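Chemist: Copied straight from TrEMBL:
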{"type": "DOMAIN", "residues": "A:152-434", "note": "domain 'NADH:quinone oxidoreductase/Mrp antiporter transmembrane'"}
{"type": "TRANSMEM", "residues": "A:33-55", "note": "transmembrane segment"}
{"type": "TRANSMEM", "residues": "A:75-98", "note": "transmembrane segment"}
{"type": "TRANSMEM", "residues": "A:157-174", "note": "transmembrane segment"}
{"type": "TRANSMEM", "residues": "A:186-207", "note": "transmembrane segment"}
{"type": "TRANSMEM", "residues": "A:227-251", "note": "transmembrane segment"}
{"type": "TRANSMEM", "residues": "A:292-314", "note": "transmembrane segment"}
{"type": "TRANSMEM", "residues": "A:321-341", "note": "transmembrane segment"}
{"type": "TRANSMEM", "residues": "A:371-389", "note": "transmembrane segment"}
{"type": "TRANSMEM", "residues": "A:451-474", "note": "transmembrane segment"}
{"type": "TRANSMEM", "residues": "A:494-521", "note": "transmembrane segment"}
{"type": "TRANSMEM", "residues": "A:541-563", "note": "transmembrane segment"}
{"type": "TRANSMEM", "residues": "A:663-682", "note": "transmembrane segment"}
Amino acid sequence: MNHGFLIAAVIFFPLLGGLVGRMAGFHAGLARLLAATGAVLGGLAGALLSGDILWHGSRTVVTWPWFGTGYTLTLAVDPLSAFFLLPVSILTAMAAIYGAQYLGFHHHTGPAGVGAAGAASGVAGRGMVDPANVGLFASLLQTGMVLVLLAHDGLGFLFSWEVMSMAAFFLIALDDANAENRSAAWTYLLATHIGSAFLVLFFLFLGQRAGGLTFAELARATLSERAQALLFLAALVGFGAKAGFMPLHVWLPDAHPAAPSHLSAVMSGVMIKTGIYGLLRALTVLGAPPVWWGWALVVIGVVSGIMGMVFALAERDVKRLLAYSSVENIGIIAIGLGLGLCGRATAQPAMAVAGFAGSLLHVLNHAMFKGLLFLGAGTLAVTTGTRELDRLGGLFRRMPATAGACLAGVVAIGGLPPLNGFLSEFLIYVAAFQGLLGGQGFAWLPSCLAIGGLALIGGLAAACFAKVYGIAFLGEPRTQGAAEAAPPPALMSFAMITLAMLCGGLAVVVPVAVPGLAPVLSVLVPIDGQTLLLELLRGGALLRGVLGVAILLVLLVGFLAAVRRRLLAGREIGQTPTWDCGYAAPTPRMSYTGSSFTQPLNDLFEPLRAGTVDRPALSGLFPAPGRLATHPADSFVGRLYTPLFTGVETLCQRLRWVQAGRLQVYVLYIAVTLLVLLGWNLW
Amino acid sequence: MNLLLEGLLVLIVLTNLLMLGSSRLGVYIRAGALQGVGLAFLFFTGEGGWPEISITGLALVTMIVKGLVFPMLLFRTIRQAGVRREVEPYVGFTASLLIGVAAWGFATWVGGRLPLPGIIRSDLLVPTAMFTIFTGLFLIIARRNAITQVLGYLVLENGVFTFGVALETSTPFIVELGILLDIFVAVFVMVITLFQINREIEEIHMDTSRLSTLRD
């Protein structure tokens, strides 16, 4: 297959679709169609390219000299790029198909309160949001991500990184009539540029040592231990800000609700993974890693995973909750990377291979189920008019296809067998246990931390998504909006069902296809191909065992369902409220809410959160009516960033007098500066 | 010694001092025009006789733009705005003159120490250029009226231009042309903006200090 053509297609199809779609902005439907077509064609080309490279374990390089500038852009697809290109292609295509109808959705405004304001911001096609702009920036985001994965020189990488980051900024700021969205966009811009600053440092410093900026040249740089450590830290902050490592995650929960849902899916499913890709790419050029890099990533991963879930449990806004869950999953990926690095540094190939393979697979898996869940959240927002979990309910019977797809999503994201989320987490567990078995000295410490952390994260995630699914889809509708919800149109359902089937499909394919990861892993774990393949085969055998048990479980569930059906056959099935202690007027609003469902866990983690609760003062035998309100908050924002930025602002306010507002004074500043410099130079 | 060159430089210094000590806008504009024409003549003071055709063209364009076009534009503006004088400058006219003398001293000191490529044809050339730049900056800083600001900018550019003449061997023709175009566009835009501002806010009488209410 012609790789040059595919590379051009994967870059230019989305771009072309977005630009032509923008020009066709006079007709909203046409604009959406063109943008979606470009994105889907680009995604198709990307999937083909990625599949071909991964299948053959080959590598393609395209150089593009920019005449007159002395700069040559190097684009290359190697197995590592190709592996990340796969989820990017699939998810952007699915999101584009979904978006073609989602953007045209007209819905009634939900009831007042957080829900209404929140729903409005998450739904495109209202207010100032022009669908043609959505298509344009979505295509720029897609092209930017693809270029990030393909660029194989520092300058091209930084440029692509910026294109991707800025496209995401405009997508977050689309509905800028809403103050929350503006604030989210600024937070994101600040976070992403702090990250970019570190990346510029990283590439310039390394490039100076290496005498060139292409990745091949960077890898040849000779680095002292100190330089290596500093570069690793720069990469960790720079890429971690994009990936959402704690405490650099604060932009995520604000940004994802602000963007249209199908693009939240893209951002959360794949854009933040470019941070992981960048980190892996940095590891390939930094030489042999010391063991503390692995420890650092394990600690970051455990903190991100646990804290992400602690915040997610308390959230009521579905999209914010999903954003925190992305932080948690990035944490799991980081744990895998950390264990892989530990294994590599301590020469334990089994641990290294399982750790890296687990975290790579989790990248792929998370893209599928998180993309699916964001599309599901978007569907709920537009069909019910609210994103607030506690206002939903009873949607299973109203939109069975969406409910079925989302069920697959929550099972997968909760890390439960038989779906794909369990498999990648299982491989990471395998890596941790390998570390326990084979290490010397303190090598057991990160493994123990990882096992304990993963177990806690898994439990919390299962609880959290039981809450999401139970509250949204089961029971009775709590509000008018939820009661009147209708199933989404065909393309939206198609995208969600396809992703759900991919979650299931991956669970079957992965145990068999794990040895196919060998070319990807060979750049990360420099051991001989034989050992690598052997370890992967062992991992695959374990996963096939898991798959077998999972299939048995599915059969058992199917059998039990059949038994239940049989037992109920011929009986009358009615519906009635649960026993309510004789209360005369029960309503669905009195059923369990998400907040009450997770209250025990929330109380347990209270010291870690910064949430507040307004409790009514109840006294006497017949107390007056009262209201209870809980306000979930991010303790990193409340305890770290707000004091920090308030302090900076106070300092800056003290310099306000400098800005006098008179032209003359400003020119005076310039003149005095110049004269002082002149005099100082000539003295 | 090149009598024409030195004479022109003295003319430029004197016009600078005139602008520092005057309060009437008409004087500013005429002094600026005179300075511009004097600058254009600097091109003809080279040792090698008549300069080449491109330099001649540049000199002619300079003369027309600075000697005719700018004064006409500026006079039209003050006629339409009905302003004749600089009122209440931040630095008084006598004090300005004294500062001007000090600036001349500083410029001479700088001129003596500034390392420059090539041979400078007159000891006065660099100090004059520096002094003109300082004068321009000072006019922008110390005066309120918008027309004076524009004039200050012009004078500043004249100083840069003089430098270009001093370094004529090392400054390409295209740079000189670029500077000229730059000033032309800048003055054009400034005059139009002034006219618009004046029409919108009738009572400000081109007092730029009122613009500070526009800051955030």
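All positions are counted from 1 along the displayed chain.
Each Cβ is built from the backbone N, Cα and C atoms, and glycine gets one as well.
Can you walk me through where each of these features ends up in the structure?
Modeler: Beyond its flanks by at least six residues, the transmembrane segment (A:33-55) meets 1, 3, 6-7, 9-18, 20-22, 24, 77-79, 81-83, 85-86, 88-90, 92-97, 99-100, 132, 134-136, 138-139, 142-143, 146, 516, 519-520 of its own chain at Cβ-Cβ distances under 8 Å.
Remote same-chain residues near the transmembrane segment (A:75-98) are listed as 3, 7, 10, 14, 35-36, 39-40, 42-47, 49-51, 53-54, 57, 59-64, 138, 142, 145-147, 149-152, 156, 215, 262-263, 265-266, 269-270, 273-274, 277, 280-281, 284, 360, 363-364, 367-368, 371, 375, 378, 491-492, 494-496, 498-499, 502, 517, 519-520, 522-524 (criterion: CB distance under 8 Å, separation of at least six residues from the stretch ends).
Sequence-distant contacts of the transmembrane segment (A:186-207), counting only residues of its own chain at least 6 positions beyond either end whose CB sits under 8 Å from a CB of the stretch, comprise 154-155, 157-158, 161-162, 165, 168-169, 172, 213, 217-218, 221, 223, 227, 230-231, 234-235, 237-242, 248, 250-251, 254-255, 275, 278, 282, 285.
Distant neighbours of the transmembrane segment (A:227-251): 165, 184, 187-188, 190-192, 194-199, 201-202, 205-206, 209, 271-276, 278-279, 282, 286-287, 289-290, 293, 296, 300, 303-304, 307-308, 326-327, 330-331, 333-334, 634, 636-637, 640-641; these residues of the same chain sit at least 6 beyond its ends, with a Cβ under 8 Å from one of its Cβ atoms.
Sequence-distant contacts of the transmembrane segment (A:292-314) (same chain, at least 6 residues past either end, Cβ-Cβ under 8 Å): 232, 236, 240, 244-246, 249, 253, 321-322, 324-345, 445-446, 449-450, 452-454, 456-457, 460-461, 463-464, 467, 595, 598, 601-602, 605, 608-609, 611, 630, 632, 634, 636.
Tertiary neighbourhood of the transmembrane segment (A:541-563): same-chain residues 417-418, 422-423, 426-427, 430, 507-508, 510-512, 514, selected by CB-CB distance under 8 Å and a gap of 6+ residues from either end.
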Chemist: For the transmembrane segment (A:451-474), which stretch among A:157-174, A:321-341, A:371-389, A:494-521 has the most Cβ pairs under 8 A?
Modeler: A:321-341
Chemist: Would you mind listing the long-range same-chain contacts of the transmembrane segment (A:157-174), meaning Cβ under 8 Å and 6+ residues beyond its ends?
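Modeler: Residues 124, 129, 133-134, 137-138, 140-141, 143-145, 147-148, 150-151, 181-182, 184-185, 188-189, 192-193, 196, 199-200, 203, 242, 255, 258-260, 263, 267, 271, 274, 278.
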